[in-house]
Every structure is written in C-alpha cells, then in structure tokens.
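Chemist: The structure follows.
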Amino acid sequence: MQGPLLGRLSARGCCSYNTLKAWLPILSWLPRYKLKWLQMDLLAGLTVGLTTVPQVLAYAEVAGLPVQVNRSWVFCGFNFHLDLTLSSWAVFNHQVPHRAVLLSLLCGVIQALMALLRLGFLLDFISFPVIKGFTCAAAITIGFGQVKNILGLQSIPHEFVLEVYYTFYKIPEARIGDVVLGLLCLALLVMLSFMKTSLGSDNAPTCARVARKLVWTVATMRNSLVVVAASLVAFSWNAYGHPVFTVTGETSQGLPPFRPPPTSDTTANGTLSFLCFVQGFGGGLAVIPFMGLLESIAIAKAFASQNDYRIDANQELLAIGVTNIMGSFVSAYPVTGSFGRTAVNSQTGVCTPAGGIITSVIVLLSLAFLMPAFYYIPKASLAAVIICAVAPMVDYRVVTKMWRIRKLDLLPFVVTFLMSFWQVQYGIVGGVAVSGALLLYNLARPQIKVSDHGVLVMELGSGLSFPATEYLSHIIHTQALQAAPPRSVVLDCHHVSIVDYSVINELRDLLKQFKLREVQLVFSRLQPSVLEVLLAADLQGFRYTDSVEAALQMES
C-alpha cells in the first residue's frame, strides 16, 4: 500500500501548480503584473523591436541564409528572463538553410533534455571574472562594430581585427550625412541619459513636478524617439531627392509557413537520410548547444548582477531549448542571447518579461504588414542606440578591484577578454577552462598549516579530496617520516567534510609508514560523517581524538 501511495504523491508533486510555475515563470509574474510596469515594458519592447527588425534582416545576409529563415525566431521570443533577448547565432555563417533548421531542432532537444535532467549546475562554473571579461570584450566588439554604420561604410568584415583595420582604412570613404546624423544621435542620447540621472526630488512646486515628469518621460523614451526622429529626417531628405543617409532599405514582408523541420535532403548524389544529416554535424552537435548556452547564461548573469536579481540556469536551459524546438517549425536556426539587444532592453528600463512579448508582437506585425515603414530607418541612428547601450558595460574598475583582492582572478578575466575578440564563444570556454583549472589546483593543493608542539600539528585549510591526497602524503613524508628522527603527526581535520575511497587508501598507506617508523599519526576534530567512514574502513592503527590538545597529551 505504501509504494502506490508514494507513487501517487510523487506524480501529484510533479504535476502540481507550483511545479508548473517553476517551469513556466509567466504563471508567477503575470498574475502579479502591475499597470505601472506596462509603460516601461512598452518602451523597452518598442525600442528593442525598432532595433531588432533591421538587425535581423542584416543577420540573414551575414549568415548567408534567406531572410525569412533568419527572422522567424521571433515566434519564440517569449523567453522567461527579465532582460535577456534572443537572436540568431552568427556562428552558423553560410550553413545550408535546411541543415541550419534541423540543427535548431537538435540543439533545442539537447538543451531541453539538459534542463529536465537538472544539469544547469554545470553553468555555475561560469565565474565572475569570466562574466566580466566577456561583458567588457562584448561591449567593445559590439560598440566598435557599430562605428562602420556611424561612418556609413560598406563591405567591412565581421572579424574584429579585420573590422578594426578596414574601418580605419576606409575612413576616407565615410558618408558625411551618416557621420553627422550618427554623432547628433549619440550626443542627444548621452544628453538625455544625463538629464534623467540628474533630475531632482519630487518635493517641488506643481509646475516643476510636471516639467520633471515630462523630462523623465522623454529621457526614458530616448532610444525610440531618436530612431523615429532620425527616420523622419531620412524620409524628408529622400523625399526631396537627396538620399544622404544609409537606410535599412527595402525588404520583402510576410511570415514564414509553419511546418515540420526537414529530416532528409535531396542532392545530385541522391537522398540524404536523417542519420546522414546528424553524422554530417559531427562533434559539433555536442559542442554547439553547450556553447550557445554558455553565451546566453553569461549574458543573463551579467545583467542579473547589474540589475539585482537572480536567474535559474535550468529555467534558462528550458527556455532556450523550447525556443529552438519551436523555431525549427518556422524555419529558424539556433538562437543564443543577444548582448546588444539585452543591453538596450535593460537600459530602457524593462520591468518584466512582458517587454519581450511586446518586442515579439512588434516584429511579427512588422514582418506581416509594416516592412515599408522600416525602409527609412538610418543605420547610423540604430548604431548610436546600441553604442550608448553597451558602453556602460565596459567596467574598467573591476580590474583594479581584482588586483587588490585576489590577483589570480585576473587570469580567467584576461583570457576571456582577449579570446572574446576572436570569438565570443571561445572566450567564454577559455575563461571557464582557466577558472576550472584554478579550482582543480586549489582542490589538489590545499593549504596545510604546520606547527611544532614537540609533535607536528598539520591543519588542513580546506577539504580533503582525492586529488589532494598525493600532496598531503608528500608534505607528511618530507616533514615527518623522512625527518631524523621520524616525528609523530596530529592531523587536524575539522575542515574535512567528505572522504572517498582514494583518500582512504592513501591514509591506510600512511598509517603503515608511521607504524614501520614507530611513530604515530593521530586524527583530531573529525566531523561525525567523516569519522563514520573512517571507522567503517577498519584502518589498522587508526587513532582519533576530539581535540588537538587531547591528541598532544596522548603523544606526550
């Protein structure tokens, strides 16, 4: 009777409303939604939407894919993160379209399975120095990547080093109209941002409060207002026959059809099966989903830290996985976090994930009906918005803080920062690898404080895991067993919370060595769980005390 009852309780717990809310956060924030948040969410959604449509269209050209394949990701834009917005991953440059769509499905399935298996803890290994190195490098690369649009330059490579070189090389080709408009937009955005932060208190006469509210509204809407105003200026000049600005231009409108992703392909050499498709991806099928997640989580953590809230890695895994799965049915290819758009979203003051829903609605309506309205959006105005959004993310002060607190943390920061200029994904992977190496080094080389009380007392400064046993054995041999004469040792283990089979074997060997030399190895201050394991191991010659003082009295 007890078994079926527990089974029913377990099944009921898995299907409970609280469990559903954990997987679908919209059920948590939507019932608590306040009207005062709607204003900021509308502003953020509108601004990101105006920024997104031209960029999405441009990404299709970058990746060598049809426009509809690239822009259909917005069907899945209802993500669960406050600031994070998604975009197509530019790492899939020049993929065959239907293979990119199938890859989206496979990535989504892998990511969703990782969420269901609660493997989000793996993403906890993205340390603070890695996040800071990534955000600083991403802000610089994205910000500088917009300089070509401020200058009105064409045919600039996307690799950062080449981008820097050709941007300076082609400065003589800069378009005066784009330069003037871009600089004016930048100046206006900086001025409005400064005005918003410089507003006084509400304790003022009615007229002053009204003026303050007006300034606050205009300053908060600055991104949208600048883009709309710049579009009107570009339209006016074009209407009079003077196209002096580089605009988004004409694009086809319409929504992609909803259909299952392709699982086979017909080529000149015959039909490729689903298995051949998967084999064609090779090891990338294991790497690509995880690298996309690393980038998304790094962006999410960066803005969560800045805006004082926390994220759930498993929840983010599920959101991105479902987005990729759904996107494959509308001919989309894999998505990851967009640093630039997330920065715009955060800076505009988004309050809830409803901002992402508004962005999605705007982009969907634009694709279906409003594409001609985006024709006259100047690229220089969009570039100004993105530059102002990412510039505050360059936190140079963090370098001095890490230097002052712990210099070794600069190593993963520098590795992430430098490698991110090559590829953002490689920068994050490199930083995580260095952080992991430092973590493993600390596990393998714990601090051991040695003091002489006639008997050597060795205090382990941290836990004792199997990588550290060889180091501990080396210290004991050099300072006690190989001394003339050999010396007894009291091992203070109050920091040790767990021991494994490898540790037990090494301790067994050490006890034999002490017995051969007719000296003692005494354990003190063992935690109950550790003592239970050591007693169960039945170590010959094992002795322990409740305190170091008792161990010293035993040896005196």
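Yeah, the Cβs are placed from backbone N, Cα and C, and that goes for glycine too.
Here's the feature list from TrEMBL:
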type     : residues : note
TRANSMEM : 42-60    : transmembrane segment
TRANSMEM : 101-123  : transmembrane segment
TRANSMEM : 176-194  : transmembrane segment
TRANSMEM : 214-237  : transmembrane segment
TRANSMEM : 272-294  : transmembrane segment
TRANSMEM : 315-334  : transmembrane segment
TRANSMEM : 354-375  : transmembrane segment
TRANSMEM : 382-399  : transmembrane segment
TRANSMEM : 419-441  : transmembrane segment
DOMAIN   : 454-556  : domain 'STAS'
Chemist: Mind pulling out the one from 101-123, 176-194, 214-237, 382-399 with the most Cβ pairs under 8 angstroms to the transmembrane segment (315-334)?
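Modeler: Most contacts with the transmembrane segment (315-334): 101-123.
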Chemist: Other than its close neighbours in sequence, what residues sit by the transmembrane segment (101-123), given a CB gap under 8 Å and a spacing of at least six beyond its ends?
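Modeler: Counting only partners 6 or more residues beyond its ends, the transmembrane segment (101-123) has Cβ contacts under 8 Å with 69, 92, 95, 261-263, 277-278, 281, 285, 288-289, 292-294, 297, 312-318, 320-328, 331-335.
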Chemist: Could you put numbers on the helix, strand and coil content of the domain 'STAS' (454-556), residue by residue per DSSP?
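Modeler: So the domain 'STAS' (454-556) is made up of 49 helix, 16 strand, 38 coil.
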Chemist: List, by number or range, the same-chain residues at least 6 past the transmembrane segment (382-399) whose CB is under 8 A from its CB atoms?
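Modeler: Contacts with the transmembrane segment (382-399): 47, 50-51, 54-55, 132, 135-136, 138-140, 142-143, 146-147, 149-150, 182, 185-186, 189-190, 193, 223, 226-227, 302, 339-340, 343-344, 346-347, 410, 413.
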Chemist: Which whole number is the mean pLDDT over the domain 'STAS' (454-556)?
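Modeler: Mean pLDDT for the domain 'STAS' (454-556): 90.
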